[in-house]
Amino acid sequence: MALREGPTPARFLPEGLVFCVEGNIGCGKSTLVKALMERVAGSGVNVVEEPVDQWVNHNGKNYLELSYTDPTGYAVPFQNLVFDSYVNVQRLQNPDIMERSPMSATRVFCAVNGSRGVIPATALPGMAARGEAVMRTIATRPVFVYLELPPEECLRRMRRRDRTGEAGVGLDYLRLLHERYEAWLSSAEDVERVDASRSREEIVDRVIEILCRRHPRLRAPLTRKSQL
């Protein structure tokens, strides 16, 4: 994947501090991140969605969908594409708040695909090293905001939204992802847990409270009159 060119925007938060919204497929990350983007529009806070657009149309192929329908053939190319896309995120968007991160790509998705045998064991150490190297270019002091939701509810939400490329995702896979998320974030250094079974408004309010508490400078842009 060719790295994209362009100016790197200034950050709102101190260098190295990034809030990463994490959680299983279907837990509500995109909805939350879009709400935060609306709240801070024009304030200089860089809120960045997961770079799915770079995965669903790369050289004419939907690598996200292929990673589900043909994991043996596409799990490794897809994960490498994910890492490249996060390099572009850092260079062109320089996030203060971001949806997922290179760490979850390695600690969750690569680990699950390794356990399923679709990523060779010999490839895992190199992929983990690359993911963590990319992460260090984005954040040296990440705070993980973890949206907790049972995999059964994640599946119900996925089926309702019927997003392109997700038809091949089943409950067993979601359970594996959930287990890996729990194992990783139970021992991670800086994690804020959020009950994602609450209403959209309650989740947004809870996350705003966390962000303002963790860095008071975010209070002004996040507590302006809601545009939601």
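Note that Cβ sites are derived from N, Cα and C of the backbone, with glycine treated the same way.
Together with GLY23, ASN24, ILE25, GLY26, CYS27, GLY28, LYS29, SER30, the ATP site in Swiss-Prot holds one more listed residue from ARG156, ARG157, ARG159, ARG160, which is ARG157. Site annotation (Swiss-Prot, ligand substrate) includes TYR68, PHE109; from GLN54, GLN79, the additional listed residue is GLN79. The maximum pairwise C-alpha distance among TYR68, GLN79, PHE109, the residues recorded as binding substrate, is 12 Å. Other than TYR68, GLN79, PHE109, the residues of this chain whose Cβ falls within 8 Å of the Cβ centroid of the substrate site are, in sequence order, LEU64, SER67, PRO71, ALA75, PHE78, VAL82, ALA105, CYS110, VAL112, ASN113. By the criterion of other Cβ atoms within 10 Å of the residue's own Cβ, the least surrounded of the binding-site residues LYS29, ARG157 is ARG157.
A straight line from the CA of CYS27 (ATP binding site) to the CA of TYR68 (substrate binding site) spans 18 Å. Comment: ATP site residues GLY23, ASN24, ILE25, GLY26, CYS27, GLY28, LYS29, SER30, ARG157; largest CA to CA distance 13 Å, whole number. The shortest Cα-Cα distance between LYS29 (ATP binding site) and any of the recorded positions GLU50, TYR68, GLN79, PHE109 is the one to GLU50.
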